[in-house]
Amino acid sequence: MAEKGAEREQWSSKFEFILSVIGFCVGLGNVWRFPYLCYKNGGGAFLIPYVVCALVGGVPMFFLEVGIGQFMSEGGISVWKMCPLFRGIGYAAISVCNLLNMYYIVIIAWALYYFVLSFQSTLPWATCGNWWNTAACVSDATNHSTLAELRSMNITPRDSVVEFWDNKVLQITDGVDDMGGMVWPLFGCLIFCWVCTYFAIWKGVKVTGKIMYFTATFPYVMLTALLIRGVTLPGAAEGIRYYLEPKWEKIFDHQVWNDAGTQIFYSYAVGLGGMVALGSYNKFNNNFAKQCAILCACNSLTSLFAGFGIFSVLGYMSLQLELPMDKVAEAGPGLVFIAYPKAMAQMPFAPLWSAMFFCMILMVGLDSQFVQVESVVTAIVDLYPNLLRTRRGREIVVAAVCLLDFAVGCSMVMQGGMYVFQLFDYFAASGIILLTVCGLEATVLSWVYGADRLMDNMDMMLGFRLWRYFKLAWKYITPLQTCL
């Protein structure tokens, strides 16, 4: 149990815990990664490895992390009082989470910048002739004679949306050896996002839980509105067909299963110490099993739901530009900041839909960021509860974490910042790291601490025995999955 000292906070209601978990888990990966993986890896057929990986890895780890957090009432590091020799696993999880905090918020800053620039009669990325455009710029309004002229001069046409992203937003340099200067609009957006993060969590989970009533629910309103608009567009049915059409031969591809497993661990946000931190603020006898079952289902269904909204609009863009779907479907930042803005530029009332889309991305990103930073703060405060579990002590820790992460993030809003961002994205919180942390966590807790003791602990809190499958998953199935 927690060290004696200042009283530890708890959620004001069970619903605030649920909303905070939704805010944490339902992030940018649900919007920009799952739909593309589904399309790339066999459409509807991808749902089979996705569900299997969820049942054998994601769901057991989700239950495990929330359960031990609630039982111990400790953050992601001090919870390892259960197995002090392996406390390093907790340090690894929190370190990965903090590295994620440093670059995840940069994506939110990009989204904020696009959101602000959406409030114009003509979207700035829809046209050429701006200071950031080159002679090779083409837009959807460019006629065929201009394209032919460019090709006759051996000039490769560059889309206005791409030039806006490279030359206006990023102002990107030729390589990481040339970092260039600060991109001041992005710097300002980064400051704003960190200020929002600080004030969302500085007073503790009772305040954060109240904020989640808006930040965790509003994206669903926006996503629903975008879906309704998307499915009414010409070409939407074709886009959705590409998204879900089963390619059964893909099921036998090892890479498909690898993508499904990695996406599950990303989407369920396990291996970062965050679920432990959120569970630690529950009452001891809270029925977390029922909540976890609902939250796991909600998370996966949100990913599927987002795909309909994304691909209906991409289908419309494919029809308008007379391009095949594989030329317009992208993953990651390319989807959010190039493909989707290009699609919205084709739509009537484009600024309205653009503002709504980037508002959704902003909210989805911010509530994940709030909880990620809270996870790091909780871990630090719980290491020294008598010293830091005070109003002033906590505020100092929150400020220190935010300032440190902001300082590192500044390198990613320089003209060469995209190269730094990619280094963090590829190495800081890569799939192999999350899988390793989760595999070690499940192995140590089920074999060293003991799976039977874990089941007894859960029984003590819940008043009933968890399904025996969880014991088997923690001991054998989940560790094996992380190795494969």
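Placement of Cβ uses the backbone N, Cα and C atoms for every residue, glycine included.
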Residue among Asn285, Asn286, Asn287, Asn299 sharing the Na(+) site, where TrEMBL lists Gly23, Val26, Asn30, Ser267, Asp367, Ser368 as binders: Asn299
Per TrEMBL, the disulfide partner of Cys128, chosen from Cys97, Cys137: Cys137
Paired segments the transmembrane segment (89-116) and the transmembrane segment (293-317) in contact, 3+ CB pairs under 8 A: no
Contact yes or no, the transmembrane segment (47-68) and the transmembrane segment (426-451), 3+ Cβ pairs under 8 Å, gap 6+: yes
Euclidean distance between Cα atoms of Cys137 (disulfide bond) and Asp367 (Na(+) binding site), Å: 37
Contact set, same chain, for the transmembrane segment (264-281): CB under 8 Å, 6 or more residues outside the stretch: 8-11, 17, 20-21, 24-25, 27, 29-30, 33-34, 50, 53-54, 57-59, 61-62, 65-70, 72-77, 79, 90, 93-94, 96-97, 100, 205, 288, 296, 299-300, 303, 368, 371-372, 374-376, 378-379, 382, 429, 431, 433-435, 437-438, 441
Conformational class of Val26 (Na(+) binding site) under the three-state DSSP mapping: coil
Distant-in-sequence Cβ neighbours of Ser267 (Na(+) binding site), under 8 Å, six or more positions away: Cys25, Gly29, Asn30, Phe34, Gly58, Asn299, Ser300, Ser303
